[in-house]
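Structure, as structure tokens:
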Amino acid sequence: MDFKIFLFLTAIFMIVGVTVSTATTNPTAPRAYRPRINTTAGVCELEVPIVNILPPELKHTAHTIRGNGSAPGFSKIKICCSGYKIVAHTPFHCTPDCPSGCGLGNCTAPNVCTCNKGAGFGPDGKCISVCPGRCLNGQCYGNFCNCNSGFVLEPNGRYCTGGCTRNCGPGGQCVGNNQCSCLSGFALNSQGTCQMICAPGFQQMGSACEPLCPKGCVNGECVAPGQCRCKSGYALNSSKVCAPKCSQPCYNGFCSAPNVCTCKEGYIKDATSRNGNRCIAYCAAGCPNGTCSAPNFCICKQGYIKQSKGSNVCVKQ
């Protein structure tokens, strides 16, 4: 083989993925070959007879060329897979094809568009401008709401107003002629503004519907209509009120806070009580020769009697 022809063929076949040899081979008859997908996205390999990819002046040399195909006389070439189109030959690169175009978006897979931020799909599948709101009383152009004649764009840029002397509320829009249009979940009240619709047992609190507990939920929170959930250290009592809990009973007193006992009037804490949950009677003047058994009431020891009726002084009999 002429050396110049050898160099020319080598350059061509490096592009299509074949190698050149001076060995003589007999090409087999053309056969069907299923394209095989390569690891590169959208790039497939196709096996074809070498003679089909040679220029006319070199076809007579086909029998001297050994390809890299699965049979003598065949070679593998790179092509774009179905649904892809070529964008570069060196290096070989294919990109997804969307024949109808994507508008304000990019073709990310065969016939699949991904819209840019602020755009959405139109009826024809292309990406078009989408305004932040419904663009009421206006037209959406380039992701901006252009108001119809006689209407003015609201500061939030979502819709155009035609003049309302009153505020339609957070769930309403002015549609012109002093009329409010309410969004889903809102309804016109007697003042003509939009008010949130709350289910029975709920009330509007700011921008949400919250459950209603008619008696309130002191030391707890209202989690459902008429139902309180107590804070830690509290529990519902028989009156359905969140009352403090004490792990030990409060003798002659009451549980005033979680694990805190408060003595009743006329009683004081028993210094000998380990848990601080026992209260004992208090006698202001003390009980000489006796025991304070109730607030300001003494019982005399054996062999002693009250000095006088109503007295807390005990004397020997």
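Even glycines carry a Cβ here, placed using N, Cα and C.
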I want to verify the bond table. Which candidate from CYS127, CYS145 sits on the other end of the disulfide that Swiss-Prot records for CYS135?
CYS145
Quick test of your reading of Swiss-Prot: among 24-33, 224-233, 304-313, where does it put region 'May be required for E.coli agglutination activity'?
24-33
For CYS164, what is the disulfide-bonded cysteine listed in Swiss-Prot, choosing from CYS174, CYS180?
CYS174
Among CYS182, CYS209, cysteine joined to CYS194 by disulfide in Swiss-Prot:
CYS182
So which disulfide-bonded residues are near CYS140 (disulfide bond), with CA atoms within 10 Å, out of CYS115, CYS147, CYS180, CYS283, CYS300?
CYS147
Sequence order is fine: just name those disulfide-bonded residues in CYS147, CYS160, CYS168, CYS246 with a Cα within 10 angstroms of CYS113 (disulfide bond).
none
When you measure from the Cβ of CYS115 (disulfide bond), how many other Cβ atoms are you left with inside 10 Å?
19
Near the domain 'EGF-like 4' (208-243), which same-chain residues lie under 8 Å Cβ to Cβ, leaving out any that are not at least 6 residues past its ends?
196, 198-202, 255, 257-259
Which of the disulfide-bonded residues listed here (CYS160, CYS213, CYS222, CYS228) have a Cα atom within 10 Å of the Cα of CYS102 (disulfide bond)?
none
Between CYS164 (disulfide bond) and CYS283 (disulfide bond), how many Å separate their Cα atoms?
76
